[in-house]
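Feature annotations, reproduced from TrEMBL:
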DISULFID  901-928  disulfide bond
DOMAIN    49-157  domain 'F5/8 type C'
DOMAIN    163-344  domain 'Laminin G'
DOMAIN    351-511  domain 'Laminin G'
DOMAIN    513-550  domain 'EGF-like'
DOMAIN    549-601  domain 'Fibrinogen C-terminal'
DOMAIN    763-928  domain 'Laminin G'
DOMAIN    929-967  domain 'EGF-like'
DOMAIN    987-1166  domain 'Laminin G'
């Protein structure tokens, strides 16, 4: 008969308590506990008179309830003390089996909401029930006008408990009635409480390779499950599914495993992991037995393959079988190994928690032992990478030894004395959240860490180096237990009662450590790391950035890349932005007016087919450079897509000349990757019509047929067309038959998928009634959300969008003509971020807004104005709970509505179709009026379109390009003495501007450290300095060409480290051709694009603090000069650094104090120069530069540089003296005087010279001759 534990009823009933002990014991007090004050139960429950109130002298009180036995608690309710001004407004809830080792119930931010008066009842339902005997309520806040007091009830029910205790040398074996058991479905459930971080809970295996193992490893629960793959049995390649953390806390944890075929759900407490099993089978075949608590070695009793479980298991069910009940009744199916008992032992391991990294301490007496010296041992666990763990006073004073954590353990003498000791334990890091045992003996200065790598002997050194004597280490923050000083145990109970030692900011009877990386709040595969009070995300290699790896570092389409000035090439696009889809590699063709996105597949070459038949057809599947989901997003987001299909045939039909597949005569079918459906038409015709393009164009070779290949002739025929129906794209499979007859043959070719246009960029709606709005489904934005859009208006204020919940809300609005406000409330009170523009935003021009909120921070960006940040409060509410519809352009109250246009609205990577929704909404129309609202880009390369009464103009001030539409290249020619330095106004960095509400935020945040650099160059010089950026804190970025012409990027972010140097391109770029460079950094991730994108990892994610200047060409920084001391000779074009265009500023603001120009500088055309160089290089195997030295007098400069070449030397820039001879290609001598005769001035002097000749244009300098 199968037994199950009793379940709670859905109706919650209060426990019936015979007595209710009410304690006023000071949990953190330095003195003894206050006298106990007990009331009858009739003074405590809700709706009765009386209640509990501690003595005023008890500064940190708590209330403890003994339920007399294990209960399943599902809710608690509180009420203020009867007829008083005493109530508790917030509290913590702790639970324990022993009343010694407590665990805090985690409820969102940890706090429970209490009362606001003495009469109302506030009930808090527990999101997951706890099974416990003792409850402890710790008041946090109470009525400031009165005192704290409460009446309390707990809700839940009793349950049946079957318990077994395992001592790390024992196990239970459940033996089958037959040799093996094969199951398609498994259900396993249990609760466990562990004393150690390692141990096997369950194991079963079969001879064919099946196995199931559930074990604790490093405080986490690992499940190994394999079906039918014998190679994975006990191999190093076994992959575990891991759930849970800190499971060695001596508290009960529930486990539930459900498997059906290959689908598995593993749940530990409230965290569930879904996965598919390894192997090819669908059933789990286990031979003979399943073991619990260990894996005994056959034939060797008491010997186990892995570390056994040490702790208790409760209500252990294996496919409905109550294992512990069978063992307790000594049934023959159960075999017991070792000493398994049926009650749970309760070791008294009392812990204390050091709460503060600045003020927590525990001081204990440390008299010398009888043998001399001093010894101490204890256990600790922490997440913090540093902290002062132990300080020991030495004789004579003031000498002392300190043990500190710096990822590893470090022991040193920080005092200036006659000797110094410094040593480190060089084992694994100790800030991993696990318990570590450490012992110290000052007699021989040995440090021992149990279970790690043994001892480290420290030696005395005379003197005290300054570097070793100054330590600014924060206090230890973590848990400590089992303290022994000179082999004597230290009682934390006596410490708590004030009978031993002294302490500050400690929490007794509990290790209040928590895993902030469970669940992992880092998105898109970001790696989570943590300290005691916070967590951070490592986004390297994910393609995403931000505090939680939420934001894609890639543009959403090729159209978006073109708008920021990119040219044709391979790019990674992220079609759903911050959504779940990853980036896809595509080719962006920008040579036409339309921007084409090209996705290739694995079979682009023509394929010849022979010998296929109806019963054995030729089948070809096409795999694209993107997943099916990414393809769907790209196709649906494009204005139009197409794919060419070519079919050449010869005698492709049977003798009957009747098509075997009714939709296509030559027995070929094409299948779409997106809709997974078979199309019944060929390229060039309409969907659903079984014809080819020649039928539509009425030019089939035989007009009796609808396709050329229907004619079934001996001559080659062709049916070529374009598939353009987006629901049927792209082609994922083609099936061809009827090529097995004599002379029958077919050749087909499926072209790449090509799409153009981005439907979201110009999707817009106009709001012309203040009470009108568009509504959409509720935002799915519990943990993270990003909202971006463009707007233009002439009104002073209005709500862009709003979504509300019962109490929570999120809103973005124009709060005044020059201020955009982002506000929200997740339960911590309203948070407000505002960005103020120095110019009005209601100027009828487009303005960009991006608001983001995640569990770590919120940010607001408006146009190119400084980005504002606001950090989330520590241990606050995380989830934004919304319930209403999302209102765009207004609010549910129909007040403060927006009047104007909104376009390109995107939320969490999903584009909103404003135009379609506007068609059915009064007061709103699709699209926006004006020249700057069309689907075509009037202004390019970040240029801003500005409406005028009779047209438009392009504002190119934020673009590195010029011209009327911001598409004209801004190029400058440099010689070796030329440089342009742009000095930034303080404070420059977008990252340095913070909201006033977030002034305390640390600047060391990877989400704020970012740079965007883009430029083009042409040169034949190597080495060469291209660009440097320096800060007031001695940081710098340098982009250079090395001696071999390869590109090098130097990042020096921390002055105490050597710079990071990367070489994205190893080939010679000093080849006289035009090269486009784009560099994008987010935190430690550096993305470089020359011809294809590459990613690199920096040693630091520090940001550039207070950027001082940016220099193009020669730089006087000594360290950078060592890398490229020759400056730059060549042409630079369209230089962009974040939102600054320094090269353009140098040409248009020569008198500005922000721009410093050294040496000759003249506007040029890098593209024309590159074309000339490329033409000159044809037929040449090698070329060199002229050797140049610094001129004695200032040179003349020209407006354009071209090449003069001789037999062995190609000169991109050449310098002449007035009387110098130069060898032309015809070996004739040309004197400088005759060259100058073509100029407007007859003699060579200082100034700008425009020399337009048929063959070349020269940069002329004195005192230098160019020869071969």
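For all residues, glycine too, the Cβ spot is worked out from N, Cα and C.
Recorded stretches compared: 49-157, 163-344, 763-928, 929-967; the one with the most Cβ pairs under 8 Å to the domain 'EGF-like' (513-550) is 763-928.
Listed stretches 49-157, 763-928, 929-967 were compared with the domain 'Laminin G' (163-344); the greatest number of C-beta pairs under 8 angstroms is found for 49-157. When secondary structure is read from DSSP and collapsed to three states, residue 901 (disulfide bond) falls in the strand class.
Listed disulfide-bonded residues: 901, 928. The one with the lowest count of other Cβ atoms within 10 Å of its Cβ is 928. Here the domain 'F5/8 type C' (49-157) has a mean pLDDT of 89 out of 100. DSSP states for the domain 'EGF-like' (513-550), grouped as helix (H, G, I), strand (E, B) and coil, give 0 helix, 10 strand, 28 coil.
Under DSSP, residue 928 (disulfide bond) is assigned to coil, being neither helix nor strand in the three-state scheme. Each residue of the domain 'F5/8 type C' (49-157) gets a DSSP state, and the totals for helix, strand and coil are 0 helix, 61 strand, 48 coil.
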